[in-house]
C-alpha cells in the first residue's frame, strides 16, 4: 500500500514513502475501489440468479462516497461490506422470484383445469342434445307410421263397405203423394256403412261422420230447409249445404252429382245428390256434418240419435 505525505516545511515538491502498514485509502478513491470489488464479487453470483437483482448496499455507499467533498486533509471514507447482509438480500430476492414463478405455474394449472372442465361440459351437452334429437326423430317416425296404419285401415274399411254395398240393390226412396201419411221430420241422410266418426283423426279434427256405399247411392236432405250452397268445395270436391228452419245447417260432402240448386226449397227425405268419391277421399262415401246456429260444428251421431236416427 502507498500513502501520500504532506509537503515538508521548507522543501519543494512531494514524494511517496512506502509504508508496510495497511492504511486505508480515503475519499472517493476508496469508494470506487470498494464498488469495483463488490461488483466483481456479485458478478459471480449474478450468473446464477435473475439479472434484474441489484446489490443495493454497494450502490448506496458509492453514491455517498462520490458526494463527499474532497479535501487535502486526512478525512477518511471507509467502505464496509457485510457479506452476510448482502447474501441475505440476494437470497430474499431469489425467494421472491421463485415464489412468483410458483404462483404463475399454479395460475396456469388452474386455468388449464378450468378449460378442461369447460370442454368436458360442452361435450356432455352436445351428447345430451344429440340423444334428444334422435329420440324426437324416433317419436316422429312412430307417429307417422301410426297415422299411415290408421289411414290404411280406414281405406280398407271403406273399400269393403263399398264392395258390399255394390253387391246389394240400390234402394230408391218411394215418392209419395202429398196426401199420404205424414212424413218424418228427420231422416237418415244416406244408406250404407258407418266408417268414421267425429273427432281427432290423423293430426286434425274430423268434424263429421262418414257413411260408405257405392257411387250413385242417393243422398237425402235430413230435414226441411233451403239449399244455401251447391257446388265445388275445398277438400270435398262437391258439396251441398242445406239450412233448416231452426237455423241448423247440414253439410253433404264428396258427392258425385248435385241434384238441387242454391235457393231451392227441399223437404226431409228428398234426394239432393248422389254419393261419390270426389275431393280428399279414400273411397266412395258421404261426409255428413251438422252446424248448430250455422257455424258450431257438433257430433252428428248425437244430433241424429236425439231425433231417433241411428247409423
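Heads up, residue numbers simply count up from 1 along the chain you see.
Backbone N, Cα and C atoms are what each Cβ position is placed from, and that goes for glycine too.
Annotations in TrEMBL come from automatic prediction, not curation.
Residues 145-185 are the range that TrEMBL records as region 'Disordered', among 104-144, 145-185, 186-226.
According to TrEMBL, the feature region 'Disordered' maps to residues 1-23, out of the candidate ranges 1-23, 24-46. Sorting the domain 'M23ase beta-sheet core' (205-300) by DSSP state (H, G, I as helix; E, B as strand; all else coil) yields 1 helix, 54 strand, 41 coil. Assigned with DSSP, the residues of the compositional bias 'Low complexity' (147-156) fall into helix, strand and coil as follows: 10 helix, 0 strand, 0 coil.
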